[in-house]
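First comes the structure, then the notes that go with it.
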């Protein structure tokens, strides 16, 4: 069986990506069913027992910026080794709620960690491995903030300022501009039916 594909969903907190991820995965599974392939749904940070333990620390405990980035990539290495790479080798498809683009956006753009440090970690942990497709849910930080305000108690990232999320969004868009072959940008201010129509077109092209 041919190697599977790796798809990531990205966007600032409040963009709505997680709302659409399960629906997208159900549609993708239906599309792949005839070929006896499975869709593995996962997330970052997380996806493994170690990754989930690190997620709890990363989202809720204050820490040094470089420590934060190192833990993100430690969780990612475990995720790649235990979940993503084995699934792709089996011919399954993997859909992840966030991946490395989020680290560049949040720790790089948002928190200001120099890009060269993140690029060095990326090379060490991933080599040349990148998603086959990244769906970026783009929304203005002010809109995302209003959405987050109606959600559950915020973690330390969700509690950040609009200025932080503006820098984070800008870095996401920079990443998308540098890799247009990999990114599909979704206008996350649209209605749910409009966004799902856009995702249907993404699915049709896979």
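FYI, residue positions are counted from 1 along the chain as it appears here.
Even glycines carry a Cβ here, placed using N, Cα and C.
Feature annotations, courtesy of Swiss-Prot:
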- 11, 12, 13, 14, 15, 16, 17, 18: ATP binding site (BINDING)
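Shown on the structure are the features that Swiss-Prot records.
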residue: 11; record: ATP binding site; Cβ contacts under 8 Å, 6 or more apart: 17, 136, 137, 138, 139, 172, 188
residue: 12; record: ATP binding site; Cβ contacts under 8 Å, 6 or more apart: 105, 139, 141, 144, 165, 168, 169, 172
residue: 15; record: ATP binding site; Cβ contacts under 8 Å, 6 or more apart: 137, 138, 139, 144, 188
residue: 16; record: ATP binding site; Cβ contacts under 8 Å, 6 or more apart: 137, 139, 147, 188, 195
residue: 18; record: ATP binding site; Cβ contacts under 8 Å, 6 or more apart: 9, 97
How many other Cβ atoms are found within 10 Å of the Cβ atom of residue 17 (ATP binding site), counting all protein chains shown?
23
Additional residues around ATP, ordered along the sequence, whose Cβ is within 8 Å of the centroid of 11, 12, 13, 14, 15, 16, 17, 18:
137, 139, 144, 147, 188
Neighbouring C-beta atoms (10 Å sphere around the C-beta of residue 14 (ATP binding site)):
24
